[in-house]
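The transmembrane segment annotation in TrEMBL covers 26-47, 67-86, 98-118, 156-180, 186-206, 240-263, 283-304, 325-345, 351-372. What TrEMBL lists as domain 'Major facilitator superfamily (MFS) profile' is 32-397.
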Amino acid sequence: MTSPSPSPAAPLDPEKNRQDTLPLPLWRKCIILFVVSWMTFVVTFSSTSLLPATPEIAADLRTTPELLNVTNAGVLLAMGFSSLIWGPLTALLGRRLAYNIAIGALCGCSVGTAVAGGSTVFTAFRVLGGLTGTSFMVQGQTILADIFEARVRGTAVGFFMVGTVTGPAIGPCIGGLIVTFAQWRLIFWVQVAMAGLGLVLSLLFVPGIEKREGEGVERRPSSVRDVLAMFNPVRIFRQWLYPNVLLCDLTCGLLAVFQYALLTSAREIFNPRFNLTSGLVSGLFYLAPGAGFLLGSIVGGRLSDRTVKLYIARRGGLRLPQDRLNSGLATLCVVLPIAVLVYGWTLETRAGGMAVPVIAAFWAGVGLMGSFNGLNTYAAGEFFLGEGEGDADVDVW
C-alpha cells in the first residue's frame, strides 16, 4: 500500500492494537520462523565466508586481495539497494512468489560464483547474488509481523535475527575451515546447498499473505508506466521525512558499519598483531563476536517484549510503538561503547594479549544485537506503512 506523503515534522501515529495475525498452529509458526531466519543466515554467510580465503581466491583468479575486498564492498552495496528492486516485485508478484524467486536467484548466483573462471565473472555473480540480500530481511520480518502478535513479536524477531547476525560471524569460520583442507570453491557449493534447503522449506511452509486487515486493497498496475512507477525509489526514501524513521535508520546504519568493521578486522589487524598465518586460526576469532551476536539477539528479543508489556501495564493497556526502543538503551549507550573502546585500545596498545580483545569482541556483539533488536522490530512491524517499506529503508542504510 502506498503511504500518503508525510509532513517532515509530523510524528507517526501510534500503532493500533491490531490482532489480525494469521491463525496458524504454533508448530508451523516455528517452522516459518526457522525458514526466514535460515535464509538471512545464508545470505549474510555469503557476504563474509570468503574473507579468510581472500589470498587463495586472489591467487587462483589471478587478481589481488585488495580488488576482492572492493568486490565484497560492492556486494554489501548491492544488498543495501536491493530493497528498491524486491519491494516493487513483491507488490507485483505477491510475497510468496517473490520470496521464492529471490531464493532461487541466490542459489543460481552461488553456482555461477563457484564455477567462475576469472575475476570478472566472479565479481558479476557475487554482486548479482548480493542483490537478493535484503529481500530475505525485509520480507522475513514482514512475515513475522503477520503471524506473531505484538506482545511476542520481539522474541520472534530476536530468533529471526539469530540468522542475520550469526551468518557474518560463522561464515568466516566455515570459510577458513574449508580453505585449509579443500579448494575455496567448496565454500560456494556449500552455499548452494544451504539456499536449496531454504527453497524447499519455503515452498512447503511459508504462506502467501498479501495484505493485513485494515490496510485496504492496493490497485494493481494497469500499464507499463504504472509498473515503472512502482520502482520509483521515492516510495522508500520519502519515509525519511519522518524524523523518527530517519533517526532509527541512521542508528541501524551506524551499527551495521561497526558490525562489518569488527568482522573484517581479523585478517588485516588481528592476524599481524598476533602473528596468525592460518585461515583456520583467524576464522576461529569470529566465534567470539558470533557468540555475542547470538546472545544479544535472543536476550534483546526477550527484553524487547518485556519492555513493551511493562509500558502497557503502566498505561493501563495502551501500547505505543516507541516503547520498544527503550529496551535497547542500556546496550546502545553503555555496553557497546565500552566494548568498542576496550577492543580498539587493546589492539592498538597490545595490552592484555589476545584474550582481552576477544572478550571485548564478544561484548561488542552482545551490545550490537541488543541495540538492533528494538530498532528492527520498531521499523518492521510498528510503523503503519506500506508493506515492507519501513524495514526496506532500514536496509538501504
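Just so it is clear, glycine is given a Cβ too, placed from its N, Cα and C backbone atoms.
Curation does not apply to TrEMBL; its annotations are automatic.
Tertiary proximity for the transmembrane segment (98-118) is limited to same-chain residues at least six positions away from its ends with a CB under 8 Å from its CB atoms, namely 39, 42-43, 46, 61-62, 86, 89-90, 92, 124-126, 128-129, 131-132, 135-136, 139, 185, 188-189, 191-192, 195-196, 198-199, 202-203, 206.
If one looks beyond the transmembrane segment (351-372) by at least 6 residues along the same chain, the residues whose Cβ comes under 8 Å of a Cβ in the stretch are 161, 165, 169, 251-252, 255, 258-259, 262, 270, 274, 285, 288-297, 299-300, 303, 328, 330-332, 334-340, 342-343, 345.
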